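S.K.: Take a look at the following structure, please.
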């Protein structure tokens, strides 16, 4: 049973998603009833936080066992005697998993109210306190030390500084005000720092504000999986194309034992600064971060040998992670999705530009991992179909570890191809919420199986760039290649069939075969 209403979308986005999750391939495989049930379950789960908090241990500095002990003691302090386990994951050896308790439906609401923005509200549901920049409105006479009930303005309708709000709001829990209303909305400009200390959140999850900052990195479970799938090795040269805020970048460097080179790029300067700060905090020295547009990262001219940053020459990297900009529909919790259909559809062409550059920057024999935190076909399975058709030098690879489900039907991929993909689907979670008794009665392996399912929506595809790929052209067709740019048979433009120098048109492609040499 849902505690919050299902996620809401603009009507055009809702219509688009309905078609995606009722596509013919899916209905043929599952049946209309089951397909619809899964879709409605997905919409419900997206508006609720995951039932577990995942933190990655910085194994560059500490052992998992040591950090687990320190974290358990910290959580005991925060929860004042409520015993919540800290679990090690049997397949992801560098993470710790903490169950969330909630939703707690018996909390008493207070007369004094605080309204926060949607993003602040989502953070509160995952364990954060309320900081001043996130506060939009408070009751008229709120003083420091007051008990207050905190609500989220999920539709963004509340005016800053309002003394009351009658619009759509979602109860997040109770807290104690650290500041008065006049201090929060001071004429000297918004203050920083904590505004409300949450003492009775609807979802009881640990706060990680300044908790073991050099030893832990708060990260969703699928985001940890993706770095393990790339499997970087010490001494290799790795590219993280869209790296901010640096969670995956620092994980890659840690997996390499800080030996080799991890190039991290992002086109927004403040985000690059954050990557550098995280690398410094975690004491990782092999990371080099650059403010650069990934779509322009391929150099068309010979570079100076001393130049270590972008753009880069073709075939410069052993492995590449493209955690692409996306519509973000897999993020949880999200109660009201604000992007328009035009914005949602804008990501596919951008992802393809980045992917094309990534293929050219990858060495033959190298590994390319593509990931998103969204649920659409157009940004996930359809991109895989496009990639395999556009770059015959690419081949899908089995992923290890494989914790998520298989890819979703609807993009024309074969069943054996879908099994090589990982789609983390929140609708696969069998329960929604957990109380203390259920937690105490649960076995550890059962909790881990829940954590594997009850996480954000995420997608991973792993490709290898085949080494020495050539195209064998039947003798009878070779005279047709007189014109180096257009086909003499069908006048179509020649395409780069081998991702390097061999050109072939789609007409001839149907009469050729690929071989490894």
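Glycine too: its Cβ is placed from the backbone N, Cα and C atoms.
Pulled the feature table from TrEMBL, pasting it below:
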- 141-466: domain 'SAM-dependent MTase RsmB/NOP-type' (DOMAIN)
- 242, 243, 244, 245, 246, 247, 248, 266, 293, 323: S-adenosyl-L-methionine binding site (BINDING)
- 373: active site, nucleophile (ACT_SITE)
S.K.: What is the separation, in Å, between the Cα atoms of residue 246 (S-adenosyl-L-methionine binding site) and residue 373 (active site, nucleophile)?
M.R.: 15
S.K.: Could you tell me the mean pLDDT over the domain 'SAM-dependent MTase RsmB/NOP-type' (141-466), as a whole number?
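M.R.: On average, pLDDT over the domain 'SAM-dependent MTase RsmB/NOP-type' (141-466) sits at 95.
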S.K.: Applying a 10 Å Cβ distance cut-off over all chains shown, what neighbour count does residue 246 (S-adenosyl-L-methionine binding site) have?
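M.R.: Result for residue 246 (S-adenosyl-L-methionine binding site): 27 other Cβ atoms within 10 Å.
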S.K.: Could you measure the widest C-alpha to C-alpha distance across 242, 243, 244, 245, 246, 247, 248, 266, 293, 323, the residues recorded as binding S-adenosyl-L-methionine, and give it to a whole number of angstrom?
M.R.: 19
S.K.: Taking each of 242, 244, 248, 293 in turn, which of these binding-site residues have a Cα lying within 10 angstroms of the Cα of the residue listed as 'active site, nucleophile'?
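M.R.: So the list reads none.
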S.K.: Using Cβ-Cβ distances, find the residues under 8 Å from residue 244 (S-adenosyl-L-methionine binding site) that belong to the same chain and are at least 6 apart in sequence, listing them in sequence order.
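M.R.: Expected: 266, 268, 271, 272, 274, 275.
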S.K.: These are the recorded positions: 242, 373. Which one scores highest on other Cβ atoms within 10 Å?
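M.R.: In terms of Cβ crowding, the pick is 373.
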